[in-house]
Amino acid sequence: MYAGSFCLKSLLLMESWKEHLNEDGGLSFDCVKHLLQNFIDWMSSAASNVLAWRNYVVAPLTEELVFRACMIPLLLCGGFKIYSVIFLCPVLFSLAHLNHWMETYIRHNYSMLKASMAVGLQLGYTVIFGSYASFLFIRTGHLLAPLVAHVFCNFMGLPVLFARSKGIVSLAFVAGVVSFLWLLFPVTRPDLYNDRTNNCRCWHGYCSWN
């Protein structure tokens, strides 16, 4: 889904490298040192940024624990169908992000309509991602899969669909979507991740907990 984003970032990175190469008269030790220093500065800035810790560590971990690890097994063992759970959990997960409306409305000084539209788009995207994360957790039986996906999506933001004067980005996005749909079920087969897949009526034997 992020093939277009990766393609665009790669093109921008290559353009940036070309600019440095032209300025330095070719690939040199100073050029490589400059690029490495920029990367180290970016990592240092991210490590000391409270919002980065919230977006990439605290929020993904706590939200996946609550909305996937705790909620999904209870709903499944309580008799809810898998498809109902994949729809219900993301709705609750999305509603938990309504606090961003106040943040957008007050901190960014948006109008009520503009803030509602911005947060509405985010909530819609959150429902879609929540369904995917719930699917990953149910299919693989592991919290790690939705957790990694959550961190990755928070880092990448919304997928890039197209870029002006860069048709290859749209082509990469389409190819990525096709690959995603083609590989979704094969690479999430339960037996690849879990040896406890039996015929228990509850998911992965959770109903046998005493």
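In case you wondered, yes, glycine gets a Cβ from its N, Cα and C as well.
What you are looking at is a predicted structure, and each value in this text was computed from that prediction instead of being measured.
Under the heading domain 'CAAX prenyl protease 2/Lysostaphin resistance protein A-like', TrEMBL lists 50-156. Sorting each residue of the domain 'CAAX prenyl protease 2/Lysostaphin resistance protein A-like' (50-156) by its DSSP state yields 93 helix, 0 strand, 14 coil.
Residues or ranges marked as transmembrane segment by TrEMBL: 71-96 (among others).
Remote same-chain partners of the transmembrane segment (117-137), defined as residues 6 or more beyond its termini with a Cβ less than 8 Å from a stretch Cβ, comprise 64, 67-69, 72, 85-87, 89-91, 93-95, 97-98, 100-101, 104, 110, 143, 145-146, 149-150, 153, 158, 188. Sequence annotations record features per position, and here TrEMBL assigns transmembrane segment to 117-137 (among others).
According to TrEMBL, the transmembrane segment annotation covers 143-161 (among others).
Counting residues 6+ beyond its ends, the transmembrane segment (168-185) has Cβ neighbours under 8 Å at 1-4, 6-8, 11, 139, 159-162 in the same chain. Taken from TrEMBL, the feature transmembrane segment covers 168-185 (among others).
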